[in-house]
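Engineer: Annotation source Swiss-Prot lists domain 'TGS' at 1-64, citing sequence analysis. Residues or ranges marked as region 'Catalytic' in Swiss-Prot: 246-549. Taken from Swiss-Prot, the feature Zn(2+) binding site applies to 343, 394, 526.
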């Protein structure tokens, strides 16, 4: 063929095709059944419309509805159908943007009267009608002038702004489904009929145009869409369970923390919540000691000159909290900022004193308080805050030590997650983005090392740990590993990171003396296990639904009396429990025992020891455990021994068994 392309299929076979053949034609040439199932195709990982010509050689895949990548297409197409339905029902409504998000999509609308959930049934009915029409998605490329004229005639002023924001060298793509069309980069499935009916509108919210509070407020409609009804129902069940486990609700019930208007995005920790926080810190501190980390503490407030050197002032200034010294009338004009990250401070500590290659690796760890501005609408309990604590560490090592240090970090991260009950973990390697610092040779070297480490992680786990590569998703200063854990109801949370940094050591002139007596730049590795410790605690609260294992519970035991005649004995029991290292309190109130048990169960106390006149006489306790109706009567000494053993932390249990 004169204009042919060479395609490599997933089975490794290679065939030549006419470059003008479309993805649909390719699927048809393979089999009619595949052509019926196809919703898109991909060349070299880039998903394309079935109507697109092949155009170039590469690895090809036909995407069907059961492919994970089809979900994004289903959701994208459903967003377009939502927009068409709204404009059919309420002519004059302006459409703005409608992206795919995790587990669904949203679309922002400009309308004098905001939408409410009461509008959902009629919108969903209209959406089903549009899907049933099975109109093909067609694509055209318009000139900038034509696009602006058409959308201006339609009164779509927000689309005009979007057109102006598109770089001149990029095509303006218009996707139509029947008579309705929208400005869109694509790709889309072949027709609206391929969407199916496994979708649901979820909620409405206000959203400023372009996220700027100076712009008009729009109405955002959120929705979800899935490949089939079973997936949709499973998702709805998960949401119901997530609502029951909401850490904000459990935080109130367990008296752990609260938020208030005077401190948006910062946590007011109550005694029990702070105890839980300290339990996590103490556990992490012991794990770091095992691994040879040095715990340090860098200043909270630093001059902007340091942030300029680090690059944060240029890259991150809008998210930093700035302060001046001693008010406006001081003669000191220096500008300071609360630290958004711990890393520049750790470089200063590494630089303090001459380092030899024999001193490496140097591992500096900090439970560092950092502050980052988040829009008020983005704040969400412990999960999204403005002030939080990072379990941050930075390893300064030689290039030869990089692989072994990454593996040590990996082992620490995985064992930590296992101790907290997370055993479904995936590790993603994010590689070089388009905008980056460092030479291609340095990136090649680092990515080769981390790719080898990733393969070792996979094989050592017997393929239990899922690994993948995120092309172009690395930070501007180096490639990174992202650790994603799955919780009890199937949600995924990205927590841990291991990140190579080419940037900061060079910017700050950090060096060590090599074996040849020459100055050498160390490799710097950023490492976090929890990430934000507040967020990690929120994840733990929801994962356990407040039913913490005894070793981690902020309140382990309550001794509740049936009668005032047992008050003295209950006080003695609490004293002995505390002497054994358990967190225990007495409930001597003049209330019925069922009321006490119900109240402490709501507060998620793992163990309630009930004491009455008989228990006092026999030196026994009646044990009731959270979530169980069973009762067990044991002698006091035996009960204390049993609970003390159960409360041993996993790391101490391992050390004891070694």
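Think of each number as a place in line: the chain as shown, counted from 1.
Even glycines carry a Cβ here, placed using N, Cα and C.
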Engineer: Far apart in sequence but close in space: which same-chain residues, 6 or more away, have a Cβ under 8 Å from residue 343 (Zn(2+) binding site)?
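Structural biologist: 310, 392, 394, 501, 504, 524, 526 - these are the non-local Cβ neighbours of residue 343 (Zn(2+) binding site), listed in sequence order.
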Engineer: Residues near the Zn(2+) site, 343, 394, 526 excluded, by Cβ within 8 Å of the Cβ center?
Structural biologist: 341, 342, 346, 347, 392, 393, 499, 501, 504, 524, 525, 527
Engineer: Helix, strand or coil for residue 343 (Zn(2+) binding site)? Use DSSP.
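Structural biologist: Residue 343 (Zn(2+) binding site) sits in a helix per DSSP.
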Engineer: Tally every other Cβ atom lying within 10 Å of the Cβ atom of residue 526 (Zn(2+) binding site).
Structural biologist: 23
Engineer: If you draw a 10 Å sphere on the Cβ of residue 394 (Zn(2+) binding site), how many other Cβ atoms land inside?
Structural biologist: 25
